[in-house]
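**Student:** Summarising the annotation, TrEMBL assigns compositional bias 'Polar residues' to 22-42. According to TrEMBL, the domain 'Cation/H+ exchanger transmembrane' annotation covers 152-526. Taken from TrEMBL, the feature region 'Disordered' covers 17-42. Per TrEMBL, transmembrane segment is recorded for 106-130, 142-160, 222-243, 249-272, 284-312, 324-345, 352-371, 377-396, 440-460, 512-532.
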Amino acid sequence: MSRLIPPRIYITSVDKAANHQPAPSASQFPVGQLPHSATGQQQPIPSIDLTMSLNKHQQLGHAGFDPEETQQINASLQGMCNGLEIQQNGEHTQKRSNKSLFVRNWLIVSQPLALLAIFALLWGIAYSVLPRQLTEPNTPFMRLWFLFVGAQISGILVSLTGLPDMLGMLFWGVLYTNVGWAEFQGLQKVEVFLREMALVNIMLLAGLGLDYDSLKKLFRFIMQLTLIPTVAEVVAIAVLSRYLLDLPWLWGVLLGLVVTAVSPNVVVTVLLRLKEERLGMNKGIHTLIIAMTSCNDVLAIFLFGVILGVIFSTGSLTSQILQGPIGIVIGLAFGGACGASLLYVPSYKAKYTNGLRFTMTILAGTLSVVGSKLIGYPSAGALGCITTAFVAGTGWKKRIDYKTNEVEMYLDLLWKFLKPVSFSLIGKEVNFSVLEGNTVLYGAITLLVAVTLRLLFSYISTLGSDLNWKEKAYVTLSGFPKATVQAALGPAALDLARSLNATDDLPRAQTVLIVTVLAIIFTAPLGALLMIKLAPKWLRKEQSENVGA
């Protein structure tokens, strides 16, 4: 016997609804589904007139309308509306998800694409006004230009994978030099100047990121984090290189001083990214890491100059020993004077205050670096940059109108241009042709043991602070990346040995360079990656916008 199928009912008014059978309640259907007939076809959706008429009858107390039927119809309509609403919300959520994914990716790539467009426009202008020997693709100038453009493109591609863009820039430089494109005849001074400008930019940003109150509070821990891990790492490298690499003790100490320096480019770049995400802004962690990095580099560069002078007997021992303290005094004095002047010149009420402050700040930092080399005290350069920005920034923060100060924003924008320059030039120093089998093996063992000891003693140095174990571990990890100082100091001994024709010292200087290259390869990419990936897990996100960095 076939089952009788009730006719489908189309309700267009409340008067007709009163003569029909009660509608099934919403509880009879799964949430999010509309009622279906026995044939599997979806029932037509009631007209909007029903809802309007129903509300009207309820308000007027319609005499011919059964309240029980009203309640049942209400329940049925509510179930249908809920199903429609869930379905529409799902569609809207999917659209919003797709849109937000596009927006996030566009936010990642839009700025680098703008920088690429600027690079292209600059090249077009240069091609229009400069001689062809400067703008043809195979000229040294254009090879240098392609190094930076390729680094920017590599950074964009790597950032789309969720990894730091600096890794792509670094490895583009490595590729560039190992395929033989990194020959910039006649442009060595330009290359050095660009490297110095990147250092100036990053040191000024580091100085503005320092917080005076946190610095005063954490001074003891900064000294501990500077001295204890540095001594442990240098001693370990000196001992291991004496027996594994057959280097004399002084050469082992020299190698240790090259390796122990922490890369400000890598560390400060990561901290700038964390600052945008408000990670680790509490407890002065940013100030602690920046100050530790700066002090570590000043100490390493100073002692490197002393040991290098002793090995090659360049100048008297007394002058070499005094060079470091004198450089520190010069850097502090010059930076303090420039920073104090920036508090009053230009006037706070001047129309172009931010632009003039930015210009004076960047020029003061540049003069600090290039001028310190001219007078023979290069260790004063980076310290002068940091001091300039620190003194000026501390004074600016005390003013009510500090939020209108855009110097840091301009410096950050400049770093967007100099970032591919800096990391591609660092990668350019990683030349696989200088690597030798035994030296690579024993050098890698030396680095592994020494860096492990550094991390251990760095963590011990944080004991007694109010940081939790994750924050202590993150501060410890910040001393891992090596790149900037190594790229500058690594070839110094070899260049000096060649210039003095010290044939006996050439193999030792070559060993120093090889181990330095290994330090860059092993620690710079891995250190940057670990610092970025572990920050959300180990550092607390600060919600307040007024917390000093």
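Positions of Cβ are set from backbone N, Cα and C atoms, glycine also.
Would you situate these features in the structure and describe their surroundings?
**Tutor:** Through the fold, the transmembrane segment (142-160) approaches residues 105, 108-109, 112-113, 115-116, 119, 123, 134-136, 166-169, 171-173, 176, 181-184, 187, 190-191, 419-421, 423-425, 427-428 of its own chain, all at least 6 residues removed from its boundaries and within a Cβ separation under 8 Å.
Here the transmembrane segment (222-243) has long-range neighbours at 215, 249, 251-253, 255-257, 259-260, 288, 291-292, 295-296, 299-300, 445-447, 449-451, 453-458, 460-462, 475, 479, 511, 515, meaning same-chain residues at least 6 beyond its ends whose C-beta is under 8 angstroms from one of its own.
Listed by sequence, the residues of this chain that lie at least six past the ends of the transmembrane segment (284-312) yet keep a Cβ under 8 A from its Cβ atoms are 203, 206, 209-211, 213-215, 217-218, 221-223, 225-227, 230, 250-251, 253-254, 257-258, 260-262, 264, 267-268, 271, 274-275, 319-321, 323-324, 327-328, 378-379, 382-383, 386, 467, 471, 474-475, 478-479, 485, 489, 492-493, 496-497, 500, 502, 505, 539, 548-549.
Residues 199-200, 203-208, 210, 212, 264, 294, 297-298, 301-302, 305, 323-324, 326-328, 330-332, 334-336, 338-340, 342-343, 357, 361, 364-365, 368-371, 402, 405, 407-408 of the same chain lie 6 or more positions beyond the ends of the transmembrane segment (377-396) yet place their CB under 8 Å from a CB of it.
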**Student:** Give the nonlocal contacts of the transmembrane segment (352-371) in its own chain as ranges (CB under 8 Å, at least six residues past its ends).
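**Tutor:** Distant Cβ neighbours of the transmembrane segment (352-371) are 193, 196-197, 199-201, 203-204, 331, 334-335, 338, 341-342, 345-346, 380-382, 384-385, 388-389, 392, 404-407, 410-411, 414.
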**Student:** For the transmembrane segment (512-532), find every same-chain residue at least 6 residues outside the stretch whose CB is under 8 Å from a CB in it, and list them.
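**Tutor:** Contacts of the transmembrane segment (512-532) (Cβ under 8 Å, skipping residues fewer than 6 from its ends): 163-164, 166-167, 170-171, 174, 241, 245, 251, 254-255, 258-259, 263, 266-267, 269-270, 273-274, 426, 429-431, 434-436, 439-440, 443-444, 446-447, 451, 474, 477-478, 480-483, 486-487, 489-491, 493-494.
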